């Protein structure tokens, strides 16, 4: 069987965790293919809220295997905290969680390097989550990294020491004030590694190949969003991995011909955490209202998200680079009560009106061109089927479908897995 993809189409925080949780019953394997603990997937069900950072969102379902792919970077300390939380909720994770031997490990010194690098940039900071993601991927591409499979070797601590010593020299080079107790951090790290070694390590590309041969259904779960992709995002305000569809192939060892459906997920408006360009950002009471009603705070950092109207220019771009076959719209309920909604359908750029994402969309270079759409008053959170949705809401969705030339097959009207409507 083919591998289906679930990809965020904006700057992350689209609601992928909830939708993976909703879709999981259709799949035998849920696989994460990139990113690390800089991502946060929030799931709500049975009156409880759960946040996952590295573990795939299918872990709460009994019949699915959850795979952490080679493209993921793992912080054993944060991973252990996730496992401890699952154990507290009596989730039997050991029987349904497998980890690629080729996944790279985030060391304590990676996090310190991240902090030192960000501090050295002054006003040019890019808004790093300070989780050590960038330095870990740098070691990966620089062929210096420590991988999960190395933990099975007798000399893994020697390999760790050599890399950590190199990092300490680099931290000193930045000449910034970063306070830390490395011995204490390493003690915590080694304890977490012991927990990690209790799990099943696999050669994930072979595992997935055999799964496909035997007819298993697989969903590849992306982290963050397409506009944060290292190549196709709003560089340099991006993450350190490929968050787009192609990243699933390299992050899991899956051939392009094996890709099936590509589900693209987006909010009915736009948000962004941290620094970087955001053409439709709102600085008025409308943006404040979106943030308050939508509870827009980062699941990983707790930072307040910037809010704005839906940007169809950027969204079309994301649909294009990912080859999206079906769209999923989240948080339609947040827009209830607005008389009029605005949607950015073009940019004014260098004196011209354009409908594509240019190389540089930094503030001042781009002016959004808006199309107005009639809003709706009804509270969507109590609605359970498509026939009950208000006319104006359906007109909004129809307008987006036409502009994006892609069907919107699912809409979310609340955080709980039950607040999901198939169209």
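Cβ atoms are placed via backbone N, Cα and C, with glycine included.
Residue environment of residue 15 (GTP binding site) contains 21 other Cβ atoms, counted within 10 Å of its Cβ in all protein chains. Annotation note: residue 15 (GTP binding site) sits in a coil segment as assigned by DSSP. Residues annotated as GTP binding site in Swiss-Prot: 12-18, 40-42, 305, 331-333, 412-414.
Here Swiss-Prot flags 13, 40 as Mg(2+) binding site, drawing on sequence analysis. For the recorded site, residue 40 (Mg(2+) binding site), the DSSP three-state label reads coil.
The IMP binding site annotation in Swiss-Prot covers 13, 14, 15, 16, 38, 39, 40, 41, 129, 143, 224, 239, 303.
According to Swiss-Prot, the feature active site, proton acceptor maps to 13, an assignment based on sequence analysis. Taking the Cβ of residue 13 (Mg(2+) binding site) as centre and 10 Å as the limit, one finds 27 other Cβ atoms among all the protein chains shown.
Taken from Swiss-Prot, the feature active site, proton donor covers 41, and the record attributes it to sequence analysis.
Here Swiss-Prot flags 299, 300, 301, 302, 303, 304, 305 as substrate binding site, drawing on sequence analysis. Taking the Cβ of residue 302 (substrate binding site) as centre and 10 Å as the limit, one finds 9 other Cβ atoms among all the protein chains shown.
When secondary structure is read from DSSP and collapsed to three states, residue 413 (GTP binding site) falls in the coil class. If you measure from the Cα atom of residue 224 (IMP binding site) to that of residue 12 (GTP binding site), you get 4 Å. Within 10 Å of residue 40 (Mg(2+) binding site), judged by CA to CA distance, lies none of the binding-site residues 303, 332, 413. For residue 38 (IMP binding site), the nearest of the binding-site residues by C-alpha distance turns out to be 302; the candidates were 15, 302, 332, 413. Residue pair residue 413 (GTP binding site) / residue 13 (Mg(2+) binding site) shows a Cα separation of 16 Å.
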